[in-house]
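Listed in TrEMBL for this protein:
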type	residues	note
TRANSMEM	22-40	transmembrane segment
TRANSMEM	52-73	transmembrane segment
TRANSMEM	85-110	transmembrane segment
TRANSMEM	141-168	transmembrane segment
TRANSMEM	180-200	transmembrane segment
DOMAIN	186-320	domain 'Fatty acid hydroxylase'
Amino acid sequence: MSRSSQLVASEETPDLNFRQTMLRVGLVFVVLCIGFYIVGASGSGSLRPRPVLHYLFTSTPAAISSYASYYFYNVLEKYDFWGVVASVGFLMIIGIATALLVFEIFYYWWKRGDFRIGMRETSLYRFAFGDKSERTDLYLFLYYALSLDGLVVMALGLLGPFIIFGILVNNVQIGIGQYMPSWAAFLVFILVADFLAYWFHRFAHTTTSLWELHKFHHSALSMNLLTAHRNHPFEVAMQYPLRAIPLILVGPSIPEYVVYTMIHHAVILLQHSNFNVGFGWFGRIIVSPRFHLLHHSSKPEHFDQNYAVVFSFWDDLFGTRYKGKDVDPVYGVTDNYFNRRGFGFDMWAPFKRFWRGIFRKPVKV
């Protein structure tokens, strides 16, 4: 079911094929995991199961629940606010965001020829004087920057994706990066990571239950730099197993991962800004703000297109690039129940709709 059909369909009609689709995807993912494990173990000269795999597949649900509780309290006890603030990751995220926020001020000052008029178009002005939608973007930016997402997901008992990520990264390695130059390893890493991001994003639009989570991101009524972080924590958690694949394939190289993270973060901040500019011929390679703003449009002619995250050529390869005339988009979604009842409701409602969709029960919010 496409996004356009989902938006006009009744909320009383969940996707009847979702469970079958998830079973198939899950089966393929398990086969891939086993394949990666066999290849990695063969390379090390041993096919003996790793202890964590043995534990996972032989433990009772009660034992796994006990482990999850222990893991949550252990992480909660060790969470260090000032340690996070002083970390490289936090400083990198804040540094890139600050640089772009300052650039935005000078850009609109130059574009409008008047500082006061230009300032009204900046993200900083919207955060200070905007509506609930823009404040939500700011809250979630700080939420992810302070590494609170893992704590919340664990508190909800949704450790599964994190456990899978840890099992794969710690126990399976192919590591083709060691056999090629560093630039080639980085290229393979970023292409694989972005290819998987494209397909997860596309799947989030074309599957009803996943769309209920992703709809929160599209519920923004205006765009600003920090809208990039307007993602439901459960949707973010579900992407963790996919993030393990490039690390398994190329190898856990810290420099390449850091560079990719910086590029990815800068691109998604820019593409959610209100600049609405293209990159000319370079836009055939890298996602521009205009390219992604059209993806956020609620106009029917823009539905189900421009899924790419960093490299825009994925949409060319798979026939999902918008080829119509560039027009000013209108933001938001049909049946936009967000931005009205508070941040807590905006977190809970899509989570409830996601699970109700899986079990084929209509839900009213």
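Heads up, the Cβ atoms here are built off N, Cα and C, so glycines get one too.
TrEMBL labels come from automatic prediction, so no person has curated them.
A mean pLDDT of 87 is what the model gives for the domain 'Fatty acid hydroxylase' (186-320). For the domain 'Fatty acid hydroxylase' (186-320), residue counts in helix, strand and coil come to 92 helix, 3 strand, 40 coil, using DSSP.
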